[in-house]
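All remarks here apply to the structure that follows.
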Amino acid sequence: MANVRFAVRMQRLIPWLGYHHVLMLLIAIAIVLLSLLLAGCSSTSPLIPGIYLLTLYYESYTPTYDPTQVDPGVTAAIANIVGTAQLEVRVGYFGICVTPDGGGYLCSNNATALAQQVSVDQDPLNLIWVASTFKDSIIFPYLLIVAIVLAFLTFVLLATFPGWHHEQDELTGSELDVKPFPSRPVSQVALALIFIASIFVLVSVLWQHTASVAAATIAQDLGNGSVRSGVGTSAMVLGWFGFVLLIIVTIGLLVMILSIMALDKLAD
């Protein structure tokens with residue numbers, strides 16, 4: 001009986017869901033994804049340390065030799081300095097997470113505070129300092145913040161779009177379900193805002209990806225044989241998915257505006 005009631009309620013609700021409600025849902029999902037991306041490594045909450053742009057950690061492996069190396073033997077010296085260190089450091093937009101011995105993470109936006117909790121033997125090559133330099137000098141989160149604000153403003157504008165309502169037919173006296181066209185200026189402003197937000201996210205994600213790959217490659221080469229590095233898959237997925245959702249909303253709004261303009265011309 002409960003299933004039947006639920007089905008009836010859904011049948012009544014679905015016709016009242018408008019095209020703009022779908023766009024609002026996509027914007028909401030994009031805002032959540034981008035917010036999670038910005039929150040990466042900002043706390044020890046579940047899953048947050050797993051959202052990172054760059055990771056650096058000590059690991060002993062066979063070093064790479066190349067004719068361009070003037071002193072290939074430096075890898076042995078670095079290995080002696082590193083010793084048995086197991087520390088891993090992860091970098092997010094606003095925080096750094098450190099696991100000194102492969103256990104739980106210590107997360108903070110203050111790299112100095114993290115460094116004071118780690119001994120020299122645990123971080124002999126100052127990976128925490130390297131990670132802090134990457135976060136402070138290379139990563140730029142403010143385009144993403146502006147994009148989230150613009151996406152939220154677009155969400156608010158879409159919420160003002162008219163929905164279905166009842167009107168009485170003057171000739172027959174029967175009630176009709178009517179949905180007026182949204183305001184063209186409001187639609188155009190929403191399109192402009194979400195387009196700018198999409199561009200900002202695209203620039204941020206490309207910047208994030210390029211900077212992380214470059215830093216990971218250089219750090220691993222400098223610590224050849226003793227330091228590993230990697231780029232955060234979760235952060236890349238969140239960034240690109242957020243961008244794709246905003247682009248879908250941009251295209252959806254553009255199609256809606258063009259369709260309304262075409263219908264207006266046909267009506268004239």
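Cβ coordinates come from backbone N, Cα and C, glycine included.
TrEMBL has this to say about the protein:
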TRANSMEM  21-39  transmembrane segment
TRANSMEM  139-161  transmembrane segment
TRANSMEM  189-207  transmembrane segment
TRANSMEM  237-263  transmembrane segment
Discussion item. Are there residues at least six beyond either end of the transmembrane segment (139-161) with Cβ under 8 Å to its Cβ atoms? List them, or say none.
Written reply: 18, 20, 23-24, 27-28, 30-31, 34-35, 37-38, 53, 91, 93-94, 182-183, 186, 189-190, 193-194, 196-198, 200-201, 203-204, 207-208, 211, 246, 249
Worksheet, complete the sentence: Within the same chain, the residues 6 or more beyond the ends of the transmembrane segment (189-207) and with Cβ under 8 Å of it are 27, 34, 140-141, 143-144, 146-148, 150-151, 153-154, 157-158, 236, 239-240, 242-243, 246-247, 249-250, 253-254, 257
